[in-house]
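Student: A single structure is presented below for examination.
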């Protein structure tokens, strides 16, 4: 049976493809390439949030100008283009959980939630309703046949690798999705956009979380969860109270800059004690992480969970999109996934994604991932943390801070 360039049966003109058009250069080129090949292309753009101050902000995605840019590209290509209002859904599925997670001292990854819900669930359902044979996006990741299904692999352009944000994609979704840019370098994508005469050819890439102006997470939390912005104290892991802070939402594990205390020692945020509004700080070595426990794991590997190797599986894992992967061993016992690092890793916070790969090399397969619930460090560090967390004197300092604030 003849398969076209998207591994669909028949000639391109027999396949209808919905393209998720964000208004950026990548998704525009996807629409252009597929249209050029002869596919029946339909463009869809999602309005995700109240544009506000972000409407004309350089480096934001999903802003108001993006919708207009997507419309103009679709017009250039002569394809149908629809704008769907997903603002309410986006707030419920992405923004509110992000704020809730941050208020609880976690470091969430909202782009994963957006792909997991709005883009690859809701939009995919819309594509099916339109009779599309596949949904194509401008993500830099590869999709290939693997046995009876398809699997995800790191892209050719490793500098643009977006696999970290796509680990939660289900097998059913992977089988329906297509990623035409997986084998292309970004520079070539821009060249194609120029050749096709797109107004977005020189447009800046999106960099910030779309609903977080200037990357200030605390501003969003303060607006959506004002009750979570409580003052407290900054405590050294040795138990010494170093100063005060105006809210834990201003901190994340591993942070060094902007802590708000000066001691002559390089200090990092080691732990966030949300219940007692304490920011625990210490030297960098206190951040070294040995083990992680995960929740909401999406397993895409070939091994059946009911027959998972008792000694685990060796693989590469990433805990931040911008960091290299590290060798680790994944375990699954009694419904719980855990990761033992075989190479040093640090600054891992609850809420972060931990993504699995079958190796460190280019083109490695994505085996799934999950979200960090908690981590384990060296025994000595864990003992110091427990000691300071149970210290009644620093708790008293927090209580005194609350009373002082209330009396003003």
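Cβ atoms are placed via backbone N, Cα and C, with glycine included.
Per Swiss-Prot, the feature active site, nucleophile maps to 114; the stated evidence is sequence analysis. According to Swiss-Prot, the active site, cysteine persulfide intermediate annotation covers 210, on the basis of sequence analysis. Taken from Swiss-Prot, the feature ATP binding site applies to 20, 21, 22, 23, 24, 25, 26, 27, 46, 138, supported by sequence analysis. Annotation source Swiss-Prot lists disulfide bond at 114-210. Residues or ranges marked as site 'Interaction with tRNA' by Swiss-Prot: 139, 352.
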Student: Between residue 139 (site 'Interaction with tRNA') and residue 26 (ATP binding site), find the distance joining the two CA atoms and give it rounded to the nearest Å.
Tutor: 8
Student: What is the biggest Cα to Cα gap, in Å, among 20, 21, 22, 23, 24, 25, 26, 27, 46, 138, the residues listed as binding ATP?
Tutor: 16
Student: Would you mind reading off the Cα separation of residue 20 (ATP binding site) from the residue listed as 'active site, nucleophile', to the nearest angstrom?
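Tutor: Given the Cα positions, residue 20 (ATP binding site) is 13 Å from the residue listed as 'active site, nucleophile'.
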Student: What's the CA-CA gap between residue 26 (ATP binding site) and residue 210 (active site, cysteine persulfide intermediate) in angstrom, rounded?
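Tutor: Cα-Cα, rounded: 17 Å.
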Student: Starting from the Cβ of residue 22 (ATP binding site), draw a 10 Å sphere and report how many other Cβ atoms land inside it.
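Tutor: Excluding its own Cβ, the number within 10 Å is 25.
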Student: So if I draw a 10 Å sphere around the Cβ of residue 210 (active site, cysteine persulfide intermediate), how many other Cβ atoms end up inside it?
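Tutor: Result for residue 210 (active site, cysteine persulfide intermediate): 24 neighbouring Cβ atoms inside 10 Å.
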Student: Taking 20, 24, 114 as the recorded positions to compare, which has the smallest set of other Cβ atoms within 10 Å?
Tutor: 24
Student: Distance between the residue listed as 'active site, cysteine persulfide intermediate' and residue 114 (active site, nucleophile) at the Cα atoms, whole Å?
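Tutor: The residue listed as 'active site, cysteine persulfide intermediate' and residue 114 (active site, nucleophile) have their Cα atoms 11 Å apart.
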Student: Quick one: Cα separation, residue 114 (active site, nucleophile) versus residue 46 (ATP binding site), in Å?
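Tutor: Rounded to the nearest whole number, the Cα-Cα distance is 11 Å.
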